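Novice: Heads up, here are the entries from TrEMBL:
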| type | residues | note |
| --- | --- | --- |
| SIGNAL | 1-30 | signal peptide |
| DOMAIN | 10-141 | domain 'Ig-like' |
| DOMAIN | 149-253 | domain 'Ig-like' |
| DOMAIN | 259-351 | domain 'Ig-like' |
| DOMAIN | 357-435 | domain 'Ig-like' |
| DOMAIN | 442-531 | domain 'Ig-like' |
| TRANSMEM | 551-574 | transmembrane segment |
Amino acid sequence: MDNFRSMALPNTSLLLFVLHMCALAWQAWALVDLRMEDSVEVYMDESAEIPCLYTFTEKPMMVMVQWFVREREGHRVRISYSDLTMQKVDENTSYSNRISVRSNSDGETLTIQDVKLSDEREFFCQVSGLAAGNGEGRTLLKVFDPPEPPVIDGVLSGVSVSGDSTAKIASCETREGFPKPNITWYRDHIPIHPISGLANVVTLVTKESSGLYTVQSELHYKVTKEDKDAHFSCEVSYFVPGAVRTSESKGINITVHYPTTSVEIWKESPEGLVKEGDTVEIRCQGDGNPPAPIIFNQEQSDVELDSSPYIKPGLLVLKEVSRADSGVYECHSLDVDAVNHDEVLDTLQLTVHYLDPAVVVPKDSEVMLKGESLTATCNALSSLETSTVWFKDGIEVGRGHIMQLQDATFDTSGQYDCEVTVPSLPGLLTSGSVHIIVQGAPQMKDAEREIELTEKVGGWVNLSCEVRGYPRPAITWSITGSQSQSWREVVKRETEDQVHSVVMLKVTTDTVAVCNSTNDFGIETKTYSIRSIPFSQTPTARKTSADNSGVIIVVIIVSILLLAILGSVFYFLYKKGKLPCGRSGKQEITKEKTNKEDIVVEMKAKKTEESVLLKGVNGEKKPPNDQVTICA
């Protein structure tokens, strides 16, 4: 086989030489037009097609087409041959198993399957038509493989603005792309261009064993305080067939360290006005990063206040404040990087409002005579405007710091409570009270002073006596008539200015009971007159002869009216024929449907017409089918 190949090669070369000489002989008279694309672009691992189109000015006797590829060393290697009699792919090349050639009347197309990065090279198409002419063209095959999306990482430790030069703030990496991708940096979507002393980009390109590129880029930047809110990102740009594409990373925020230039102090709690007894929290915060230590003190005082740095930095807690805690509070930043850290402070005016205990005049209690007037006042010292309301027994009786009591009565007595509040600060409240005592002679609760009663002999009656006065009256009972052992006191209730006494009396004869109430200012009495009634009499009210005559007259008039009505009814029935009369002078009543024997009622003739009518009206009701016959 090897001998055959060694013999075939000289013969082929000889044939080609002869054909070439013939072509030179006819070259002056025949031409070939060969067209190929300058480049063909394809993704790695896909298939690429390289066309080779040609036309002859004269029809050739035979056409030979050969495909060549330029090796890395620079020389060309044939990979395919075809003529009128055969078409073959050369063996023992890197393309022997991956190419195919398709022919038509316009030319040939070379197809390369499973394109590799190493296939990015020049491919040559050589066409010979012998005497009809020959030509050669070439196409550069370009291979593309998109890289992975970029990955960005920021510096975790933070970057200080105090540095004199740029510092690394972030890195960006994209892997395994072909051709080599490019990385561009952005700040808030605006490209960052390298500027000496402000921005610098350091790029490292690595070619992997697979031929793909990995690109690493570091951004060195001179940060300022304004960069604390900025977002940095990187963008990778890469070539694809017929276009350029980009892929952007996520945005990251850089931790920027900068000194404190100002602080702010405010009252965090409670909301609104502060009153005595509240717990006050004062917050102070600087604009530096990281936050600098904060100290508190009161104005014109060098004593540092405990701000609980281990619990909540920058927080001052004042528990159960009083009016003495009012004043101006200062907070200072201890940032050593600040240019003038002694001047970095802020102040807060704290006012603690108060309400002193209420002062009531008169104090505790006041005694006044019945009919007199009294002025009572209730005041409480406060840092805010107050409001006062007076109450008695839980019921509002007045508003304002002054209460006027006019023309005092026993009802005026009692405890008066005043309540002082601050409308603008509901938590502030105080109260006081005064006890009013009204002096006067005893006063019976009932309007009647003399009461008459009747009771049968042996009966019992309850006699009540309720009196009011101050000093509290004393009650005594004086009973005449009934036996002394026939009565006893069953109820006795006493208050500061009232006495209520009830006695139970057994009536044996006409009796007079007198309730006597006395104190230092006078005496008051109440008399009960009890008339006894023997057992044979009923204890009812006596009727006068005039009353009896009036009742008799009324009865006579009613009887006459009733007789007139009954006579009219009888006459009406008679006229209508409802009452037929017989000569026998008898009245017969029959019932049509009854289980009893017929009943006949005979009335004596001497009964008057009036009595018959009354009996008919007042007698039992007759059924609808009853028949009544009355004969005079």
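Glycine is no exception: its Cβ is also placed from the backbone N, Cα and C atoms.
From a predicted model like this one, the values you see are computed outputs, not experimental measurements.
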Novice: Would you report the average pLDDT that the model assigns to the domain 'Ig-like' (10-141)?
Specialist: 85
Novice: Can you break down the domain 'Ig-like' (259-351) into helix, strand and coil residue counts using DSSP?
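Specialist: Residue counts for the domain 'Ig-like' (259-351) by secondary structure: 6 helix, 40 strand, 47 coil.
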Novice: DSSP-wise, what's the residue breakdown of the domain 'Ig-like' (442-531) into helix, strand and coil?
Specialist: 3 helix, 64 strand, 23 coil
Novice: Using DSSP, how many residues of the domain 'Ig-like' (10-141) fall into helix, strand and coil, respectively?
Specialist: 23 helix, 62 strand, 47 coil
